[in-house]
Amino acid sequence: MMYRTVGFGTRSRNLKPWMIAVLIVLSLTVVAVTIGLLVHFLVFDQKKEYYHGSFKILDPQINNNFGQSNTYQLKDLRETTENLVDEIFIDSAWKKNYIKNQVVRLTPEEDGVKVDVIMVFQFPSTEQRAVREKKIQSILNQKIRNLRALPINASSVQVNAMSSSTGELTVQASCGKRVVPLNVNRIASGVIAPKAAWPWQASLQYDNIHQCGATLISNTWLVTAAHCFQKYKNPHQWTVSFGTKINPPLMKRNVRRFIIHEKYRSAAREYDIAVVQVSSRVTFSDDIRQICLPEASASFQPNLTVHITGFGALYYGGESQNDLREARVKIISDDVCKQPQVYGNDIKPGMFCAGYMEGIYDACRGDSGGPLVTRDLKDTWYLIGIVSWGDNCGQKDKPGVYTQVTYYRNWIASKTGI
């Protein structure tokens, strides 16, 4: 017996050319939209994610010399660790997702130093963070076991996901970082500083009138020049404003107290340094951040390019400016600065000169107490000088004289704990 399947009769239908064209266009459109959505979700719909990592560097010598001028400087250890984490993820399968890392804390422990680092990645928002958290820890564990640069205990590695707001605030609270690229242009004279370019710059004001510059070194402390308080000594009439304009200020704080160096004497101009504590904590943002302080043992060579900022006058006898200005100058050697036609014996220990011997760019009235800064290879900025004194502004053979921060580093620490 043969089985016969039931068949349905068919009739051929010829599609017209225009209908075929429409179908092709529709098909291509669907494919293009699908690919576009896929690209959008895989490439463009990616969000920054922050992860807190910690591990221990096992070396008692680091702990013993922590903070001292020895083989392991804090700055070097921080840079070495950040470079190490960079290399680990750039050499991993997640190199396209990795953005950066930042060491936010180094804590001495009995057998070494605990490192806390914030790692920033970019992933599609659809993926599970818990899975990535474990993967990041796994990558760190595997790579660290084969490292020779630092004796890290691989079993001490811990990784935890952070909320975007907490991660960003933690990164912002780290010193010496800015979001605006360095302006390569070259206050007597200088140029107006872009918004958020120098987020540690502050204006010290007496009865709401600008008197001096100051530099933010924590969320409650600033560094400035002692001579700023020579005339007005009541802290309750002083305020500090932040931002690139004096009016309107981005943020304002009352002064709780200021501490002038005990050995400061106006006639000699030595020990021209003071610290200022504000009455309430400063809220960090892209526009307001703290700068790093160098170690006491750090040295900065003549001819190094540095940057000065301030609201001071544009010429000798002029008035302070509402807009923050910036200028690029160079450190001048003591040998040159102590020449008779320059400043001779007026240059004492704890002072240095910066600017140009031909004049041009210089600090001026109203810039006093403000910052002279430089950056390292990791683009971290350090306060190395405080605007102190000089003859006129931008005059030939009369560069600006600055208080040397490294000379007073231990004094700053003794007063502020920073």
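Quick reminder: no glycine exception, Cβ is built from N, Cα and C everywhere.
Noted from Swiss-Prot: CYS353 is disulfide-bonded to CYS337, selected from CYS337, CYS393.
Between CYS393 and the candidates CYS292, CYS364, Swiss-Prot records the disulphide bond with CYS364. Here the domain 'SEA' (47-164) has, by DSSP, the following mix of helix, strand and coil residues: 40 helix, 48 strand, 30 coil. When other Cβ atoms within 10 Å of the Cβ of ASN153 (N-linked glycosylation site) are tallied across all protein chains shown, the result is 14. Sequence-distant neighbours of ASN303 (N-linked glycosylation site) (same chain, 6+ residues apart, CB-CB distance under 8 A): LYS330, ILE331, SER333.
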